[in-house]
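Below: one structure, written as structure tokens.
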Amino acid sequence: MTRSPSVRMNALANYLGQGVSTLVGIVFVPFYLKYLGAEAYGLVGFFVVLQLWLGLLDVGLSPMLNREVARARATAEGFTDFRRILRSVELIFAGIALATGLAMSAASPLIGAHWFKVQTLDPGQVSLCVALMGWMIGLRFFASIYRTALNGMEAQVSLNAINIVLALVKALGSLAVLKFVSPTPLAFFLFQLVVAVVEPVVLAWRSYQVFPATAMRIGLRFARAPLVAALPFGLSVAYTSVLWMLLSQLDRLLLSGLLPLTDYGYFSLVTALCGAVILAASPISSALIPRLTYLHSRGEIGPLVRLYRSATQLTAVVMIPMTGMVAVFGEELMYAWTGNLAAAQWAAPILFWYMVGIAFLTFTSYQYYLQYAFGDLRLNLRVSTVQAVLGAPLIAWSAYRYGAMGTALSTCAVQVVTFAAYPPVVQRRLVPGLYGAWMRQDLLPIAACALVTLAVLYGLGRHWVMGLGRLEIFLALSAMGLCVMAAAALGSSVLRAHLVRKPLPHA
């Protein structure tokens, strides 16, 4: 049995790593817009969407691997079977990565010529960029094995150090290429491909350093038996992932072919900002999921519930103020970020509804974390199926009928309805008595404090903020955001206890 790292240290490392990576992505977007232009930046947005869709080829193996390494740590002899599973997953992922690169290369002329509404870019260069995307996606897909393994080992300090270095290399290197070599999408994607080759090598090296030694040599054999034993859980996660992609990424995929590529470049700014906001919650969840699984494997339900509730409050203190600020000050924030007033005015009303949806999605996701730890995803499968059957056609119809605003409204509606119906069912089934306390004590006080403060600040600031310079807008919004977050913290019993030096609930 391996020693358990600190959840707080891992969460801090995750916040630092995710914060730096997200900040790098946000800071460099205006430079990419400057050198590439909005139309070429639309290709970057399409690459992000394509990477997410092709991640479905995972077929649930990464979540299965995460759970298996957490289970292996909780037992005395768990790593022999885990290494067999890991080697089998490596062989499967290598084949999928190769097939992805070849398939995208073959399909790139058709995609470049018939999918995008190109106005000024060379169609031949667009097709070549699509082919490069395929190979990058394959390599990053293969690297995801080792990210999953390091996360399951709770080696998140090492993982985040690697992520920070890679993020800086990608951003600084891409900017240098665009500025000093060639300001074209082809040059951008060629450099990204070079980094994508290095990424799995570094992550694999660190993963094998972290794993405990085993006496058995694994070799290149495909271990069918342990993989088949673990696969039912992985397949249930895969099915859920397919349904989740239909809801979360269908709008992005459809709009890449419906909008002019310049407008899709603006929409990519919206999705980039949405992604950055969603990632603000991921450091806590990345540290939380392996520990919840570990505690459930040891039968420690009381500590599991305390940790779950504490994590909910900490997430609420971060996410409710953040989504609220971005929603109501979207135009100001977008202009301060990009310096492009046309992009800010186009994006602001769309951004509002996506932010509201993200706020509800954040806490709906906690139902998945609880079911994941208990190893019972049956209810999640049913709810995800209903969401996909009802929500995906609504989003598709909205995209074709009303464009980006339609997808924003329909996505928000799906998330609000799901949050109202789903958490009470999950929590009453797995941990009877949890739901009332979770809503009344962990969420509502924080939300009330944050939203009242946000309403006051919006009333005071909406008429003068946009008249400031870009830096002054950013500083003003940051100060307001900190005020809203401080108010939210006062609504958290966990943080109030910490302020008066009472012990935090912990596992």
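Placed from the backbone N, Cα and C atoms, the Cβ positions cover glycine too.
What TrEMBL says about a protein is an automatic prediction, not a curated fact.
What TrEMBL records for 12-33 (among others) is transmembrane segment.
Annotation source TrEMBL lists transmembrane segment at 39-61 (among others).
Annotated transmembrane segment per TrEMBL: 91-112 (among others), in sequence order.
Per TrEMBL, the feature transmembrane segment maps to 124-145 (among others). Remote same-chain residues near the transmembrane segment (124-145) are listed as 43, 46-47, 50-51, 54-55, 57-58, 62, 65, 86, 89-90, 93-94, 96-105, 107-109, 111-113, 116, 118, 184-186, 189-190, 192-193, 196-197, 199-200, 203-204 (criterion: CB distance under 8 Å, separation of at least six residues from the stretch ends).
For the transmembrane segment (186-205), the residues of the chain that approach it from at least six positions outside its boundaries are 32, 36, 44, 47, 125, 128-129, 132-133, 135-136, 139-140, 142-143, 145-147, 150, 159, 162, 166, 169-170, 173-174, 177-178, judged by C-beta separation under 8 angstroms. Taken from TrEMBL, the feature transmembrane segment applies to 186-205 (among others).
TrEMBL lists 225-246 (among others) with the feature transmembrane segment.
The transmembrane segment annotation in TrEMBL covers 266-289 (among others). Within the same chain, residues 7, 10-11, 13-15, 17-19, 21-22, 25-26, 29, 38, 41-42, 44-46, 48-49, 66, 151, 154, 156, 252, 255, 259, 307-308, 311, 314-315, 318-319, 322-323, 326, 333-334, 337-338, 342-343, 346-347, 350-351, 354-355, 358, 361-362, 365, 369, 372-373, 404 sit at least 6 positions outside the transmembrane segment (266-289) and bring their C-beta atoms closer than 8 Å to a C-beta of that stretch.
Marked as transmembrane segment by TrEMBL: 310-330 (among others).
Below 8 angstroms of C-beta separation, residues 240, 267, 270, 273-274, 277-278, 281, 285, 288-289, 292, 308, 311-312, 315-316, 319-320, 323-324, 326-328, 330, 334, 377, 380, 404-405, 408-409, 411-412, 414-416, 418-419, 422-423, 426-427, 443 of the same chain, each at least six residues beyond the ends of the transmembrane segment (350-369), sit close to that stretch. Taken from TrEMBL, the feature transmembrane segment applies to 350-369 (among others).
Under the heading transmembrane segment, TrEMBL lists 381-399 (among others).
The feature transmembrane segment is assigned by TrEMBL to 443-461 (among others).
The transmembrane segment annotation in TrEMBL covers 473-495 (among others).
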What stretch of 12-33, 381-399, 443-461, 473-495 shows the most Cβ pairs under 8 Å to the transmembrane segment (310-330)? 473-495
Within the same chain, where does the transmembrane segment (473-495) have neighbours whose Cβ lies under 8 angstroms from its own Cβ atoms, ignoring anything closer than 6 residues to its ends? I mean 6 or more beyond. 309-310, 313-314, 316-318, 320-322, 324-325, 329, 332-333, 335-337, 441-442, 445-450, 452-454, 457, 461, 465-466, 504-505
